[in-house]
There are 4 protein chains.
Amino acid sequence: MKILLSNDDGCQAPGLRCLRDQLRSRHELVVVAPDRNRSGASNSLTIMNPVRVQRHDDGSLCVDGTPTDCVHLALTGLIDLKPDIVVSGINAGANLGDDTLYSGTVAAAMEGRHLGYAAIAVSTVSIQPQHYETAARVTLHLLERIQQQPIPGDTILNVNVPDLPWEELQGFAVTRAGNRHRAEAAMKTTDPRGRTIYWIGAAGAEADCGPGTDFHAVAAGKVSITPLLVDLTRHNMLEHLSQWATQL
Amino acid sequence: MKILLSNDDGCQAPGLRCLRDQLRSRHELVVVAPDRNRSGASNSLTIMNPVRVQRHDDGSLCVDGTPTDCVHLALTGLIDLKPDIVVSGINAGANLGDDTLYSGTVAAAMEGRHLGYAAIAVSTVSIQPQHYETAARVTLHLLERIQQQPIPGDTILNVNVPDLPWEELQGFAVTRAGNRHRAEAAMKTTDPRGRTIYWIGAAGAEADCGPGTDFHAVAAGKVSITPLLVDLTRHNMLEHLSQWATQL
Amino acid sequence: MKILLSNDDGCQAPGLRCLRDQLRSRHELVVVAPDRNRSGASNSLTIMNPVRVQRHDDGSLCVDGTPTDCVHLALTGLIDLKPDIVVSGINAGANLGDDTLYSGTVAAAMEGRHLGYAAIAVSTVSIQPQHYETAARVTLHLLERIQQQPIPGDTILNVNVPDLPWEELQGFAVTRAGNRHRAEAAMKTTDPRGRTIYWIGAAGAEADCGPGTDFHAVAAGKVSITPLLVDLTRHNMLEHLSQWATQL
Amino acid sequence: MKILLSNDDGCQAPGLRCLRDQLRSRHELVVVAPDRNRSGASNSLTIMNPVRVQRHDDGSLCVDGTPTDCVHLALTGLIDLKPDIVVSGINAGANLGDDTLYSGTVAAAMEGRHLGYAAIAVSTVSIQPQHYETAARVTLHLLERIQQQPIPGDTILNVNVPDLPWEELQGFAVTRAGNRHRAEAAMKTTDPRGRTIYWIGAAGAEADCGPGTDFHAVAAGKVSITPLLVDLTRHNMLEHLSQWATQL
C-alpha cells in the first residue's frame, strides 16, 4: 500500500523509526512528522506562523509544526504520493478513553480522515516501551487485513497495543473508548529561581473501564481497536434542547 | 451564577473583555485565559513545560498556556471559585462545522465539561467583529434561561452569533454541526530571506450546510446553538468491525 | 524628550508600567514591548517567523517577539515617533557584570544604539522589587541631566538601581562591569511524569566585584551607571594572533 | 583534542554533520546541539522552562534549547568529557561585523569561553553553502595549529570561511570585526488570513568593511579570523561620564 506515516513524538522517535523500518519492506512510504516531540498537541493547527520543512538524510520530511500540520501539509501539496492510508505512530504511551481527545497521535489520523483518507493511529501501552516491534507487527497485520477486506473509507482506527512480546498478546478486541476519572490536580511548585510554576496534572485513573472498553482489552493483554467518528454533535439532545430554546 | 470565563484569543482580546464587562454586573466571575492568542490550539495540553500565571491589574489570571491548560488549571486548584458554568469566548470568528475540532474556544468549554461542569462556547461569526455586545447579550440571555431551567450538567453548548446588531437577529436555532469541504491547500511561499515556508490552508467552504445545520442558522441571521458530546467512538461500526477483526 | 520605551519582562510588567506612568507626565512616550516575559532573551531576533503587534487599551504596542524585535520593529517603520532616546526597563532583577550579555533589557537598549539612538537600560537590583518608583525617579533624573548636557549619541548606559526608598540611595557611581563566577550547574530533575528535565543554572556569585565595578556600587547602596560599548573585537590580541596565524 | 561541538542550525544541519565527520577521525568528540534551527538566538538562555535532552542514534545529544543552553548544560553536568576546546558550527551563513552580536553560532562559543574553555565559531559565507568541507578542513587546520602553539585559554576565535573549494582560498587573515549599515526596515505584509504581520529586516550592507576587517578578508577570498572579547564596558568613556555624573 501507499502510506503516509506521521506521529506526535517527532521524527526522531524510536516508535516511528521502528514502524518505518517494518513498513518499508512491503509498502511505499513517505514520512512527514513533527521535528520534535509534540505530545499533547491534540488537533492544534499552526495558523499564526508559517511552518518549515527539513528533509533528513533518510528521506523523512520534518516539519516545525504539529501532527495535524504535518498531515495537512503532506496531503494538500507537500508530497506527490497519494496514500491509501494514513498511519500515525507508534506512540510511546497509551491513547485510551478520553486521551484520544488530547492525543497528537490520534489527531494526525483524524486529519488524514478529515482530508478523505482512511487512517490508523497506533500506540503502545507503556511510557517506556520495550516492544515496539510488537506494535509494528500488529500494524503490518492490520494493513494486510485491510488489503484483503477494505474498511469503509471514512474509518479511523485507534489501536492500542500492550507492551508485550508478540507471542504473549492475547488477541484482538474491537472496543469502545472508556473514560477516565478527572485528571489529577495541577502540581504547584517553584522553579529553581523561586518563582511559582504549575505542571498540568496527569490523566486520571480509569473510571469506565469495564468489558467492551479499550481499557479492559489492553488490561487483558489484547490489542484494542476502537473505530472513531469525529461528530461532536450530541444528536439525542437536539429535540430536548429545541424545546428548551423556545423560551429564549 | 458563578462563572469561570476563558477564551483562546488571549486575556487582552476585545471579545473576552466585552463579555467580562457584561457578565460582571450580574454574575460572580473569574477570568483565567491564555496570555496571548492561541487560536487553533484545539484541546492541546502543555505537558512538556510548566505553565506560569500572571495576575493583571483587572484581576484576570493570564496563563502562558493553552485554553485547555487555563480551564484545567483553574478547576484543579488555581482558583477558589467553584463555578456553576464555564463560559469560553467571545471568539473573533465562527466555530461552525468541523471548526469545532480545531477550536481553542470550544476546547476550553470541553475541558470544563470534562472536569464536570456545564459549559458554553460563544463565537461571533466575523473575523473582524463589529458587534461583540450582541454576542455578550446572547450569552447573558442563555445564562438566564439556564437559571430558570437548568440543562443537563454534562452539556456543552456551542453558540455562534451573527455579527449583527441585537435587533437584527432572527432568533435562536438549535442545530447540528455541518461540514466543510476540504481545507484549502497549504500556501507555499518564501520568507524575506528566500527560504521556503508554508502557511497552513484556511478552512474550506461549507459542504453540509443545509437546514438543521449551524451554517444554515447563522446564514439566516439566527443564533446557532449546537449541543456537543465528546464521544469519539463510532458506535454503529462496532459490530461490523468485530466481524472484520475475527480474521486478524 | 521623545522616548521609545521597551523592556524584556513584557508589556504588563509592573516595572514598565511604573516607569511609563512617571515618564508620561514630562515626556512624549511610545511603548513597544514584548507581549510576555522574555527574560534571558539576549539580543535574539525572530527571523524564522513573522511577528505580530497588538495595540492595548492604554496605547502600548505589544509584540509577540523579543526585546530586540520590539526596538528593531519600532525604529524601522512601526511607529512615527523619532525618539531622542530609547529607554528599556525597569527590569525586575539586576543586570550586573556578565548578566548584560544575556539580558533582554540591555539588548533592547543595544538595539536602539545599533540603529543610531542613545539608549538607557534600567534595572532594579531585586527579583521581587519593592521600590520601582526609586528606579523610575532615577531614570527621570538621568534624562533631565542628559537634556542639560547631552551624552555622545552612540552611548548606552546600563543603570542598576538598589531596591531602596529614594532617600536611602547613597548617590551615583560610574562603573565598569564586573564579573561573576561560573554559573551554577544545571539542575537535573524529573517532571511529574517521571521524565528527565534540566533547569539552566542561575548566575554565579560575584567574582570581580571590587571598587570600580557595578557590583561594588550597588552593594554600597549607589546607583551604578556603566557605559557600554558593543565592540566584540579583542583589539589587543590582533598582533599576537597575526604572528600565530602566519604558520597556518 | 577533546572537543565539544555545537551550533545554532540544529543537530540535523549539514554544516554540523560535515564538521563532525571530519573531526571524528582525529579528535574525541561530543555533539550537544539544539534540536532545531535556532538562528538569531544570540546568547539567549532558557530560564522560564526546563530543557530536555534526546540522544540520537549517532550519539548526538539534542536539546530543546538555545545554543547557549546546549553549551551551558554540556559543561555544567550533562557530559563527562572535559573538552580542550568548544567548537561551534559550521554555520550556514556569514557571521561578520555586527552579526556576531545576534549569532547563535558565536554565542555557543562565547558560552564555552564564559565557562573557562577556549572556543572557536566557524561559519561559511553563503546562505546555501556548497563547500562545507572547505570550512571543515579550515577548522581541522586551526585545531592542529592550536595543538602546536596554544592560544591563550580565554580566547574566542570567530572564523568565517569563503564558500570556495579549498584550493581557491586566498589564505588566512586576522581581522577586526567591521560594521554594517542599519538593518533593512521590517517588512510589513499580511498572512493568508489577511492579518498584519511583520518580518524583521535582513542585516544591512557592509559599512565599515575596509582593509583589516572581516568583511574585507572574506571578500578577498581569505579565511577571516577575528579574536573576540566579551567586555561590554566602554572603558574610555568612564572618566568623561564620571564628570558628567557629578551633577546628578
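Glycine residues also receive a Cβ, built from the backbone N, Cα and C atoms like all the rest.
Automated prediction, rather than curation, is the source of TrEMBL annotations.
TrEMBL annotates C:D8, C:D9, C:N91 as divalent metal cation-binding residues; of C:S25, C:S39, the candidate listed for that same site is C:S39. In the structure as shown, the Cβ atom of C:D8 (divalent metal cation binding site) sits within 10 Å of 32 other Cβ atoms. Of the chain residues outside the divalent metal cation site list C:D8, C:D9, C:S39, C:N91, C:N7, C:G10, C:A13, C:G15, C:N37, C:R38, C:P67, C:A92, C:G93, C:S103, C:G104, C:T105 have their Cβ within 8 Å of the site's Cβ mean position.
If you draw a 10 Å sphere around the CB of C:N91 (divalent metal cation binding site), it holds 30 other CB atoms from the protein chains shown.
Closeness to chain D is evaluated for the binding-site residues C:D8, C:S39, C:N91 by Cβ distance, with values under 8 Å counted; counted residues in sequence order are C:S39. The average pLDDT computed over the domain 'Survival protein SurE-like phosphatase/nucleotidase' (C:3-182) stands at 95. DSSP assigns C:N91 (divalent metal cation binding site) to a strand in the three-state reduction. All protein chains shown were included, and the count of other CB atoms within 10 Å of the CB of C:S39 (divalent metal cation binding site) stands at 23. On its own chain, C:D9 (divalent metal cation binding site) has C:G15, C:L16, C:N37, C:R38, C:S39, C:N91, C:A92, C:T105 as residues at least 6 apart in sequence with a Cβ closer than 8 Å to its own Cβ.
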